[in-house]
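**Student:** The following block contains the structure, expressed as C-alpha cells.
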C-alpha cells in the first residue's frame, strides 16, 4: 500500500516534527525505538541500556530459574516421600504446575503491555514469587504441614489443609513465574535499539547469553541446591533459593537508572477484538477491497494511534508505504466508509497499524502451534527422567552418589557449552557461508531443534527398555546422558530460535505478548504430557497393572517414549510445511526481519504529538 499523492504539507510536517532527531551528516545518541529513561525522557544510548543494563536483568533471570528448577526437579520426590502421593499422580501434579506457570505468562504479558510496563511487572511478580517461596519453605519446615513420617507404604496421605497450604505456595510461585517470564527477555531486548546496526547485533547476542543465563540458573538449581536438599533437608533445599530470589529483586531494582523503558500501550486483546468486530461489520455491509479506490485510515504521526508504538508506515523515495500487507479481509477494519465518521472510535474505524498488529499476531500462530510437541518431550526431563535415575546406579567414585534430581544437569551442561560455541564459532562460520546476519534464520534454527528432539525420544525409549530388562544388574545412570544431552541440544536450537522469532515478528505493542506465546507452549506441552500420561494409565490398567506404575521396573515407560517419538515425528513434518509457507513481516518466506525500519525520534514527544494532525488519504 502507498499514499495516493505526496502531500507537501505532510512532508513538511514530518520533516519539522520533533520526533526527527537525525540531521544530515549528524547522528544522535538518543534511541529511536520510543524507549525512555527513568525520568521519562528519550533514552540516551551513552547512559542507558545495552550491556550497561543487561547484567542486572540477567542476574534476576538466573535467580528465578535457580529457584524454579530447584523446585521442579525436587517436587515429584517431595510429593511422593513427604506428601505420600502415588508416583503417576505426583508426576502429573508437577507437570500441571509447570503448565500453569507458563500459561500464566499470558496474564503477565497482558498486564505488562496494557497497564504496568515490563519493569514494574517484573518487580511486582518477583515479590509474589518470593512470598510463595517463603510459604514453600515453611511447608517443608513445620511437621504440622506434612503427614507423619512413613518409611514403608501404604502411608497416611496428607490432609486437606496440608495439601492446600502447599498448593497455595506453588500457586503463588506459578503466578510469579507467569508475570516474570514474558517480560524479562523482552525487557532485556528493549535495552538495544534495533535501528542501530551495532546494537541490533548485540541484541541477538543478548538472546543467546540470556538463554545461557537460564541454563546457568537451572544448573545451579539441579546441582548445588539439590545437593543442599539431600545433605541438609527440605527446609534448606527450599530456603536457600528463597533467599536468592529475594536478593535478586534488590539487584534488579538497583539498576533502575540504567534501564530503557517502553511505556504501556493499552490492551492488545482489546485492539484485536476491535479489528475483528469492525472488519466483520464492514464485510456484512458489503465493503470491498478493490485495487484502486478503497481508502484506509491511519494517523499522520510517526507514532501510531497505539500509545508508544510506531506506525506501520515508513518513508521511501516514492511516498509512504506499509511494512507488509496480507489477509485483505482484515483490511476492511481500516476502510473509511463514512468521511464524517468519528475517527477516534476504534469500534467503528481501526487504523492500518492496528490491523497490521493483529495480522502479525495471527501470522505466528501456526508456527507457535507446530512447536508445542517439543515441550511435551521436555516435560519428561523433570518427571520420568528423574524417576528413572532414582533406581539406577548413581555412584560417582567410592564416596559420592549423584542425587537423582540432578540428572537434568546433563541437559543444562550441554546448553552451557553449546551456546558460547554456537555464538562464537558456528554463527560466524554460517554467516560467511549464507550471508545471513545470524548464520541461519530463526525458523531454520527451530527446525533443527525439532529434528533433534525425535532422536532424543528414540534414545530414551531404547535406554529405558535396556534398563528395565537389566535392572537387577545395577545399570549406570550415565546411560541417561544421550537422551538428556539431545533434549538439551533441541532446547538450545528451538527455544533460542523462538526467542528471536517471536520478538522479531511482534509489533511494538505486542512484544511481551509474543514472548508469552512462546512460553505458554511450554505450559501447554506440560498439560498435554499430563493428558497423555492419564490417557495411557486409564487405557492400560491404571497404576497397578498399566504401563505406568509406582514401580518403573515393572512399567512400560519405553512405550510412552515411543509414543512421544511418533508425536515429534509428525510434528516435525507439520512444522516443515508451516515454515515453508510462512511469510515474515518483510514478506520473505521463512526469513525473519533482522532490523526494524529506522524511525527517527527526538524532543518532547507529547508536544510533537499535539502539533501533528490525522489524515484519511491512504489508498491501495
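A Cβ is built for glycine as well, from the same backbone N, Cα and C atoms used for every other residue.
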**Student:** Ranges 443-463, 506-526, 527-547: which does TrEMBL label transmembrane segment?
**Tutor:** 443-463
**Student:** Which listed range (100-116, 234-256, 475-497, 559-578) shows the maximal number of Cβ pairs under 8 Å with respect to the transmembrane segment (443-463)?
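**Tutor:** Comparing 100-116, 234-256, 475-497, 559-578 against the transmembrane segment (443-463), the winner is 475-497.
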**Student:** For the transmembrane segment (123-144), name the stretch out of 205-228, 234-256, 364-386 with the most CB-CB pairs under 8 Å.
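**Tutor:** Result: 234-256.
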**Student:** What same-chain residues lie close to the transmembrane segment (205-228): Cβ under 8 Å, and 6 or more beyond its ends?
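**Tutor:** Distant contacts of the transmembrane segment (205-228): 54, 58, 61-70, 72-74, 184-185, 188-189, 191-192, 236-237, 240-241, 403, 405-409, 412-413, 415-416, 419-420, 422-423, 492, 495-496, 499-500, 503.
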**Student:** Which sequence positions outside the transmembrane segment (234-256), separated from its termini by at least 6 residues, show Cβ-Cβ distances below 8 Å to it?
**Tutor:** 38, 53, 55-57, 59-60, 62-64, 66-67, 70-71, 74, 78, 82, 119, 122-123, 126-127, 129-130, 133-134, 136-137, 140-141, 221, 225-226, 228
